[in-house]
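This report refers to the structure that appears directly beneath it.
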Amino acid sequence: SESSAKKFERQHMDSRGSPSTNPNYCNEMMKSRNMTQGRCKPVNTFVHEPLADVQAVCFQKNVLCKNGQTNCYQSNSNMHITDCRVTSNSDYPNCSYRTSQEEKSIVVACEGNPYVPVHFDASVAASA
């Protein structure tokens with residue numbers, strides 16, 4: 001079965017670079033990465049950075065996770081990300097998403113040995 005680390009990669013990593021101006025990016029990616037099976041996953045973020053750079057976040061700034069756990073980490077630098085949000089007129093199985101590109105700091109939960117990201121917690125605008 002899929003490990004938590006592999007699930008994180010499937011759901012959140014797209015290192016091929018930014019999707020530029022493809023408005024269908026989220027529709028295509030959410031489907032190809034199996035996040036529209038059984039339901040339309042409401043929100044998902046893809047990170048367009050090398051996997052090693054995202055894994056390195058586990059050794060950066062320790063922050064509190066949204067659920068109160070203490071194993072979350074915030075990236076020291078901004079990363080290119082794409083936020084996918086299901087549209088209000090979206091009707092399963094025809095999941096439809098709005099694609100928005102951002103440059104933000106990311107927050108991930110890490111666990112295991114090796115210590116790697118297993119959950120995408122948030123993206124935050126970097127403080128100036």
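Every residue, even glycine, has its Cβ placed from backbone N, Cα and C.
According to Swiss-Prot:
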type	residues	note
ACT_SITE	His12	active site, proton acceptor
ACT_SITE	His119	active site, proton donor
BINDING	Lys7, Arg10, Lys41, Pro42, Val43, Asn44, Thr45, Lys66, Arg85	substrate binding site
COMPBIAS	1-15	compositional bias 'Basic and acidic residues'
DISULFID	Cys26-Cys84	disulfide bond
DISULFID	Cys40-Cys95	disulfide bond
DISULFID	Cys58-Cys110	disulfide bond
DISULFID	Cys65-Cys72	disulfide bond
CARBOHYD	Asn34	N-linked glycosylation site
REGION	1-28	region 'Disordered'
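On its own chain, Val43 (substrate binding site) has Asp83, Cys84, Arg85, Val86 as residues at least 6 apart in sequence with a Cβ closer than 8 Å to its own Cβ.
Around Lys41 (substrate binding site), taking its Cβ as the centre, 17 other Cβ atoms fall within 10 Å, counting all chains. Note on proximity: among Cys65, Cys110, His119, the recorded positions of the record, the Cα nearest Cys95 (disulfide bond) is that of His119. Spatial neighbours are here defined as Cα atoms within 10 angstroms of one another, and by that definition the neighbours of Cys72 (disulfide bond) among the recorded positions Lys7, His12, Lys41, Thr45, His119 are His119. Nearest in space to Cys58 (disulfide bond), taking C-alpha to C-alpha distance over the recorded positions Lys7, Cys26, Lys41, is Lys7. In three-state terms derived from DSSP, Cys84 (disulfide bond) belongs to an extended strand segment. The recorded positions shown are Asn34, Cys40, Cys65, Cys110; of these, the one with its CA atom nearest the CA of Lys7 (substrate binding site) is Asn34. Working note on the recorded positions Asn34, Thr45: by count of other C-beta atoms within 10 Å of each C-beta, Thr45 ranks first. In this structure, the recorded positions under consideration are Lys7, His12, and the one with the smallest number of other Cβ atoms within 10 Å of its Cβ is Lys7. Sorted by the number of other CB atoms within 10 A, the disulfide-bonded residues Cys26, Cys65 start with Cys65, the lowest. The distance from the Cα of Cys40 (disulfide bond) to the Cα of Cys110 (disulfide bond) comes to 25 Å.
Each residue contributes its Cα atom, and for Cys110 (disulfide bond) and Cys26 (disulfide bond) these two points are 25 Å apart. According to DSSP, the residue listed as 'N-linked glycosylation site' is assigned to coil rather than to any helix or strand.
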